[in-house]
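All remarks here apply to the structure that follows.
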2 protein chains.
Amino acid sequence: MQCTTSISKMIEWQQAMKTSQQTIGFVPTMGFLHEGHAALIKEAKKNNDCVAVSIFVNPTQFGPGEDFEAYPRNLDADVRLVSQAGADIVFCPEAEEMYPTDGGIRIVPGPLADRLCGASRPGHFDGVLKVVLKLVNIVQPDTVYFGMKDAQQLAIIETFFQDYNCPAAIVRVPTVRELDGLAKSSRNVNLSDEERNEAPAIYEALQQAEVLVREGIAIEVVTQFVEETLRKKTSGAVDYVSILTYPQLELPNEISQDLIVACAVQFSKARLIDNIIFKREG
Amino acid sequence: MQCTTSISKMIEWQQAMKTSQQTIGFVPTMGFLHEGHAALIKEAKKNNDCVAVSIFVNPTQFGPGEDFEAYPRNLDADVRLVSQAGADIVFCPEAEEMYPTDGGIRIVPGPLADRLCGASRPGHFDGVLKVVLKLVNIVQPDTVYFGMKDAQQLAIIETFFQDYNCPAAIVRVPTVRELDGLAKSSRNVNLSDEERNEAPAIYEALQQAEVLVREGIAIEVVTQFVEETLRKKTSGAVDYVSILTYPQLELPNEISQDLIVACAVQFSKARLIDNIIFKREG
């Protein structure tokens, strides 16, 4: 497996792949990789001639006071995981390589970022869209793979790709979970032992919410039930619990079918998010 | 020459060109083409294996009360000019083809749009960046050709391409002028006879401004001189006269070298812009 920190080397690689008619699958990551990322890479490898992975803790998607400095990093372990999962090249640029200039042009996600994580992380999805467009322009993949844990990110990127005719296809890959149901996340290592024991309550509450919605319980009632459950069963602060249409992220009406129930819980040193996307029967 | 209104046909064409290793030059236009556009197409043809031209009066870059409806159109004449200038394909989509969905994601140009035309056309450059990114994603050219009459547009697009790693190169093509110096523009047909007679005063005033700046006259004094000259010699309303660094579009200091002197004049049914970019000796 090749490894490069250089944009021009990365471009050379993808041009060589294109010249030899090979399809490129791409998995953008922020490193500290786990089985969720491995699943993305394996899915990419299964459906493409070659796979590129990027590892870049993107400063522009962290707000002031957020955990950019505390975000866990372990490049050596990451490179091993990426190689074992079958990637052909890993792109690990420094921030100076990615952001040598800034003319102040932003991609602003609009209403899709008003809810869920966007409400408490202003500017976060501007930074996500900027780095994703930059990476896609550099790697020029046929297909990009995203995990469904970051469901709002995925909805915004899908909308951007569709509205702006971005040439890469997007594949949604299901969230990988620990045995107790906790969604795999790079931030889980920043949980205390006590918090780690409480954290599976998040997915349990979301599963209960799906059952209740399917049973016809009103959205507001289910939302409140999840909030109260999370308050009772965890020591974290509940940032939000929301049930919305997916991927439009609008308030559901009677006939809405594809729904997401999503939440964010702020523990002492880790803000965890999770969601379930499901189809409500008509 | 081929002609298509379909995005998927356009993509098929560029994929075929890429498969046969041909380089693509691209000239995006809003139609009602003149010798300025022909110069762009010829420049593209000289340096690429094949040339695509788009003709699309982009609604998202016109503000309320601007001249979207009155913008001149003549597709038959345009197709003849494009063919004679040597293009291989012309892409003329309808608005519904280009904008079937709108998730509300915008590209916001920031400080570069605060001055010149951006100051009196809020949202204009959002619309320009959106359509340019869409077209470039559809056509996937090696090189895109822009005229220097729209100097602010060019500066913003160059900055966007650089900051977002857009894979196409940009070539600046000098403004083509009438014999009396008036910059060729699709909007010139909307001038009355009297206004057409006055309009060459714009370029004359800009040329005088260059001479005065080179002679060391203060920027503010030169700016005021051009404003007064335009008021005296034309019946139009002067929207702005500005002397800035180029392409940063900042207020010049003593040591700034690359300068633009630019202006916009609103006539009864046409808003004309023009500029001169020049290097001041140190």
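Cβ coordinates come from backbone N, Cα and C, glycine included.
Listed in TrEMBL for this protein:
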BINDING   B:30-37, B:147-150, B:VAL176, B:184-187  ATP binding site
ACT_SITE  B:HIS37  active site, proton donor
BINDING   B:GLN61, B:GLN153  (R)-pantoate binding site
BINDING   B:GLN61  beta-alanine binding site
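Counting every protein chain shown, 19 other Cβ atoms lie within 10 Å of the Cβ of B:MET30 (ATP binding site). Note: the Cα of B:GLN61 ((R)-pantoate binding site) and the Cα of B:LEU33 (ATP binding site) are spaced 18 Å from each other. Taking each Cβ in turn and tallying the other Cβ atoms within 10 Å, the top scorer among the binding-site residues B:LEU33, B:VAL176 is B:LEU33. Within 10 Å of the Cβ of B:GLN153 ((R)-pantoate binding site) there are 24 other Cβ atoms, across all protein chains. With all protein chains in the displayed structure included, the most crowded Cβ environment within 10 Å among the recorded positions B:HIS37, B:GLN61 is that of B:HIS37. Annotated pair B:MET148 (ATP binding site) and the residue listed as 'active site, proton donor', C-alpha to C-alpha distance, rounded: 11 Å.
Annotation note: B:LEU33 (ATP binding site) sits in a coil segment as assigned by DSSP.
In the three-state DSSP classification, B:GLN153 ((R)-pantoate binding site) falls within a helix. Between the CA atoms of B:GLY36 (ATP binding site) and B:GLN153 ((R)-pantoate binding site) there is a gap of 16 Å.
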